[in-house]
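**Student:** According to TrEMBL:
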type	residues	note
COMPBIAS	A:330-340	compositional bias 'Pro residues'
DOMAIN	A:36-149	domain 'Plastocyanin-like'
DOMAIN	A:164-324	domain 'Plastocyanin-like'
DOMAIN	A:423-553	domain 'Plastocyanin-like'
REGION	A:323-342	region 'Disordered'
SIGNAL	A:1-26	signal peptide
There are 2 protein chains.
Amino acid sequence: MGWRRPPLLLWCLFLLLSSAASLSRAATRHHEWEISYQFRSPDCARKLAVTINGQTPGPTIRATQGDTVVVRVKNSLLTENVAIHWHGIRQHGSPWSDGTEGVTQCPVLPGDTFTYTFAVDRPGTYMYHAHYGMQRSAGLNGLIVVEAAAGGPDAEPFEYDGEHAVLLNDWWHASTYEQAAGLASVPMVWVGEPQSLLINGRGRFANCSAVAAAGGACNASLPECAPPVFAVVPGKTYRFRVASVTSLSALNFEIEGHQMTVVEADGHYVKPFVVKNLNIYSGETYSVLIKADQDPNRNYWLASNVVSRKPGTPTGTAVLSYYGGRSSPRRPPPTTPPTGPSWNDTMYRFRQSVATVAHQAHIQTPPPRADRTVLLLNTQNRINGAIKWALNNVSFTLPHTPYLVAMKSGLLAAFDQRPPPETYAHQGYDIYGVQKNQNATASDGLYRLQFGSVVDVVLQNANMLAPNSSETHPWHLHGHDFWVLGYGIGRFDPAVHPASYNLKDPILKNTVAVHPYGWTALRFKADNPGVWAFHCHIEAHFFMGMGIVFEEGVERVGKLPKEIMGCGMTKGH
Amino acid sequence: MGWRRPPLLLWCLFLLLSSAASLSRAATRHHEWEISYQFRSPDCARKLAVTINGQTPGPTIRATQGDTVVVRVKNSLLTENVAIHWHGIRQHGSPWSDGTEGVTQCPVLPGDTFTYTFAVDRPGTYMYHAHYGMQRSAGLNGLIVVEAAAGGPDAEPFEYDGEHAVLLNDWWHASTYEQAAGLASVPMVWVGEPQSLLINGRGRFANCSAVAAAGGACNASLPECAPPVFAVVPGKTYRFRVASVTSLSALNFEIEGHQMTVVEADGHYVKPFVVKNLNIYSGETYSVLIKADQDPNRNYWLASNVVSRKPGTPTGTAVLSYYGGRSSPRRPPPTTPPTGPSWNDTMYRFRQSVATVAHQAHIQTPPPRADRTVLLLNTQNRINGAIKWALNNVSFTLPHTPYLVAMKSGLLAAFDQRPPPETYAHQGYDIYGVQKNQNATASDGLYRLQFGSVVDVVLQNANMLAPNSSETHPWHLHGHDFWVLGYGIGRFDPAVHPASYNLKDPILKNTVAVHPYGWTALRFKADNPGVWAFHCHIEAHFFMGMGIVFEEGVERVGKLPKEIMGCGMTKGH
């Protein structure tokens, strides 16, 4: 902070030197992962989890900008396939490593090993997680931390003395199979709110003692579910990298007694702003700075609270503890944990969204206008009695032959060749009412984008099937970051609202919230050859059809590795 | 019964006519199956089950000898593959339809459809079930009933007025994933005894009301778990086809107050003998005749009880009801259900095994001697601390490239080329003691048999890792029936016991029990080109390595359908 942009010439020199330096230092980071089921007790209750090398969350991948990350994934599940997505990594030149089953690859069979290789070309906080069925919330997830190349142009425009990483999650005791089968049932059987909120894979199931008394497998004194402790040195400034991999929950994250300065979002530097607590949606990452300037002789809560849905899950907690203070790190703070803002205070969260703009020294100006605009009405619908989510009344289904392979191989029958609708009848549409036409069609058609074109997408939220209800949807785009041009509450009017877009300093993100009854406008350049999913990051919503897929420049994609093939129409390819 | 063999010439004429008749009538039976997860309540407690067209057990396949059965299986599981084995069908000329993942095919991926096509060349009672991971006990199982071609040489040598089919199973409330993960854990976590025994997919969970009171999903008044009722007309004779697809349990099946005449075992006619109740092991089928000659004004229990393991599961029950009697078919019988013989009365079960020989008019005389004898010591062992089952201290693992494909394609690296051991150091071996060398090696090597040769296998049971314990193992051979030449208790001596083999009228079976501390000798002709699994039919035991594989005449197998490929080294084939 307080860092000022140097004159242009100096910049160029700097750029040259630093890219040379970072090139010379570029490393390849190898990881060997084995995916298997293990009994874990993240919230003290024993549950079967999909683990990486026995852990959930999996190991944090640490790398430096310019490095190449190689992850050899051995699938040691008994009967299940896997695929792993590197969330926030744009996969320039490696679209087959995006890990999106049905889009960029066939799933990896039990016994098979699949190698993901990708460059981390930008510093920041990212994550990885399964992108197949509902394995993400079964436990297959973790963090990616990419350091800026030292002294390079992407060096942080802020200073700090130490850093901590915080991965937020929600957790059910029912299996993800049960959740998925319930979602697909007619009538739908909802798994219910999560039992626990996890911080770095740890939580406290509220009814543990009752379960244990009834002979169930819950043990509140397991070290495995002891609250994580984040230690700080008095007077120092810390960067907290915060990521949310929740299946369902929008969260509010607070460090009791410590203001946060938001400095990074989805790998982009933010014009710093100060909050008491941070709203974070599934698929988002932030970095916040805190100053360890409070009484060091007591501990403080880290708290994760559900917002946007009426909470049915207790606060997730961890402990902030000062080195040298008189309080044991393991001692619970003397206070009750923060409960966050009102869960239904949409405007509180809306304001944080709007406040998140690019750091003035790191503005990447968006193209002034779009070549094409896709307006997507987000609604809940019914297909054959089953509840689905739909965009412009089309509910997305994944094809069984990955698009990337199908399109490169000319397998036209692999998916619906009709493009999904670009817009909906927005004139006079009542987004606050229950949709009159609740029918939707299922389709695996995709949007083909002209390579290099500029695309606007406006996501329009609306009322769900039940009256007076509208949820927050965090939409995540693969293969790109997008500029967040604007947010609104109410119906988006293409003739009016684009005039208010922020074209000056919009933040680049890969995941963005669409608030209840609101709209969000974003812009990206279709310049990354490949096929890219764009979907609500709530796992159940994507499962129920809340997504679309973009293709751009697929003809420019090089020879596909055969490892991504072998399913659907590419069986025996 | 009482039927006498006609003179040879008449026989020949009969044969000719009947095969012409059956040929002309041969039909193709098409089935369309969709495999999916559904919530079912077989024992009144709700559980996620792998179902066929929404059902577990799946639909009964009915066909007539000489028919061709075609089953198109669509895998609609979310992330799991499947493979289905047609248990008792020898797959002459269609070894790729045996449905054994890792042996005869790659698993069928989600979204894919696989077509099994096979001839049912012999009348009898068979079953089908998943042969992948532990999906069989997750619910994917059912019956196959093949009628004899009318008037043909394989017509039943007994008469009856009507028939009923009974599929026995055991059922856990924990998922099969939990069971499998527990088995693979160090130390092993055992899922425990089954909660319920099912008859035709129905049982009564004993603690249903307690579970329901605690808010759990158990409802004892669901029609789905109402006891099955088997109706009979007074004075008539019924054939009960009884099959056991249990995951673990050896069972004893009884129809209260009605003697049973055993007439069929695994599709072969038995020299009739009368029992009060029938011992039946996982993978076995029997037909028994009962006469409806009891008081028609009350109902009678059908009872399934655990034997061979100390029972931890209540009796499974159904109801026999007389037409025209004064008792409502739904009314429980006035008695307590039969509890079967003592669970640990090994000799009671041994005697039934020995009594099961071929019907005198349907004897297929075995070859007088074997070209090769494989003696397999069945022990529990440890590998890296994990408990395994082993044969001659080799614990079987499935390769990820199916043998059938690997061997036809010359993929030598797909599995261990070293053959497993033919025998063990049996001289002086104490089968009643805990094995001194508990180490085993894991291997996916197989036994290559000379085509057309006669093979004897002697299965030698022994003590497990715990002192004074030995279980019953029902061994099942794919692709063949075998003659059961003899049973014994104690250590098999190759110099002594073969002299007592029954070469006169041994029964042909596909599954046979090896009794605690006992041995079982069997013989088969290696005349079915293909690759065939031979394993303990207890799902957990096979999972833990209790199996071997035979190859014979693989060079005679025709062109393989590419649908069975696509995994392991055949990915991209």
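Cβ from N, Cα, C; glycine included.
On this model, are these features tucked inside or out on the surface, and what's nearby?
**Tutor:** Using a Cβ-Cβ cut-off under 8 Å and counting only residues 6 or more beyond its ends in the same chain, the compositional bias 'Pro residues' (A:330-340) has close neighbours at 226-227, 229, 252, 254, 256, 277, 298-301, 303, 305, 307, 315, 317, 319.
Residue counts for the domain 'Plastocyanin-like' (A:36-149) by DSSP state, with H, G and I taken as helix and E and B as strand, are 3 helix, 55 strand, 56 coil.
Summarised as a single figure, the pLDDT of the domain 'Plastocyanin-like' (A:164-324) averages 96.
Remark: secondary structure over the domain 'Plastocyanin-like' (A:423-553) totals 9 helix, 55 strand, 67 coil, with classes taken from DSSP.
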**Student:** Can you tell me how the residues of the compositional bias 'Pro residues' (A:330-340) break down into helix, strand and coil by DSSP?
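**Tutor:** So the compositional bias 'Pro residues' (A:330-340) is made up of 0 helix, 0 strand, 11 coil.
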